[in-house]
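This structure is in structure tokens; I'll ask about it shortly.
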Amino acid sequence: MSSTNHFTYLVLGAGSGGIASARRAAKHLNAKGNGDRIGIVEVTRPGGTCVNVGCVPKKVMWNTSFIKEMINAAPSYGFDFGGQQVKFNWPTIKKARDEYIKRLNGIYDSNLAKDNIVRINGYGRFSGPKEIQVNGANGEKYTADHILIAAGGRPTVPDVPGKELGITSDGFFELEDLPKSTLVVGAGYIAVELAGVLHSLGSETTMVIRQKQFLRTFDEMLHTTLLKQMTDDGVKFVTEASIKSLERDVDGKRIIATTNAGVKLPPVECVIWAIGRVPNTDDLGIDKAGIQLTEQSGFIKVDEFQNTNVPGVHAVGDICGNFLLTPVAIAAGRRLSERLFNGKSDLKFEYENVATVVFSHPPIGTVGLTEQEAITKYGTENIKCYNTSFINMFYSVQVHKVRTSMKLVCLGKEEKVIGLHIIGDGCDEIIQGFAVAVKMGCTKWDLDNTCAIHPTSAEELVTMV
């Protein structure tokens, strides 16, 4: 094997976790000046799901829908458009959004080059326990002292007749115009977010969910509040149903979905599959490396330090299946590099009290245990919950109202806050600071002992009784 084909650290996948780990490794290895080499293998644009077809472009579209809601609220605040209707142009924001993503791709490439990280263009697969072959059986082979698998995941598409008539969340970002009507199939945060954006921008939106509720792993207060708000806002729901087939209508322009009960739903212009994601482990040559996968979902099995069962092979991010969140992949990747290349042998990412946000309408912020999880873990007698629900002051002069609801889940006599769940305008920003408090072990008294900022929604979290 040529010395140019051997690396100290070789990363498979230039997504958020892979790049973060590679750059942190470069920081330490480059400083040592021992000639250590770092490489990263990627077949497409750098940035992974988050930058290209996930968090970043999604947030741009959420911002777009937020502006639309502000326009709707403007007359209540005395703004007169002179009888003119404000028009929304989807191609304009799509062009601006796509250009922004390309700039980010360029920044990632530039940062990799600055850190002397070798970019290997192509699709990498294991050809042995510590060997990666790029671009097929006749492709170049690379070895490394340490290999990181950070190849991410992809949307799931059900195996039903006509499945190709639907698109995934990836395809959402390829839409050239706003569909007049959309059917979103799924009950997770991706389904909820896309349905909210499309409805706010003017697409007649229906959600199909297998059970009575969506966001079922979230606290009951959150999904109950959101379901009512989305229903009040005009989103339609088909519950306790799944899609058995898709077909074109008679004119070929719209799509008709048939449920498992044999009910044909009204035709729509667009169907989005948002039923979950699977790890990209099926075409990585995992068997040739002897890497173990989880039995149920095929994620890469790792220990608390992100090690696989093969010495010198590690994994982070969505491909591990533990919190499919960009900040988690970044944090785990950086800690891995600190452990491998900076002597911090005990450093690891702690998968507890990870805060998360759903960019729904209104947004959700949550950290810690749900009420039911807390009761299951500690017993009903040891849990006390504090709740509040109110109309944000922003809606005081509007006919349209959006409710804000908050819950604190507290443990024991000292009332340690082990869960904090909020939904309402601004909750996507509010949650970060309170997540720090929960991570530090704050109690209800710590919140009570904090002077409120008035008038805000956040003050309710420090004034609950």
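In case you wondered, yes, glycine gets a Cβ from its N, Cα and C as well.
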According to Swiss-Prot, which candidate among Cys55, Cys270 shares a disulfide with Cys50?
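The record-listed partner cysteine is Cys55.
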Which is it, of Arg23, Arg216, His454: the one of these recorded positions whose Cβ has the most other Cβ atoms within 10 Å?
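Max Cβ neighbours within 10 Å, all protein chains included: Arg23.
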Across all chains shown, how many C-beta atoms besides its own are within 10 angstroms of the C-beta of Leu324 (NADP(+) binding site)?
22
Round to a whole number and give the Cα-to-Cα distance in Å for the pair Cys55 (disulfide bond) and Thr326 (FAD binding site).
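Answer for this pair: 8 Å between alpha carbons.
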Would you kindly give the Cα-Cα distance separating His454 (active site, proton acceptor) and Ala187 (NADP(+) binding site), rounded to the nearest Å?
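Computed Cα spacing between Ala187 (NADP(+) binding site) and His454 (active site, proton acceptor) is 36 Å.
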Taking only the Cα atoms, work out how far Arg210 (NADP(+) binding site) lies from Cys50 (FAD binding site), in Å, as a whole number.
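Here the two Cα atoms are 27 Å apart.
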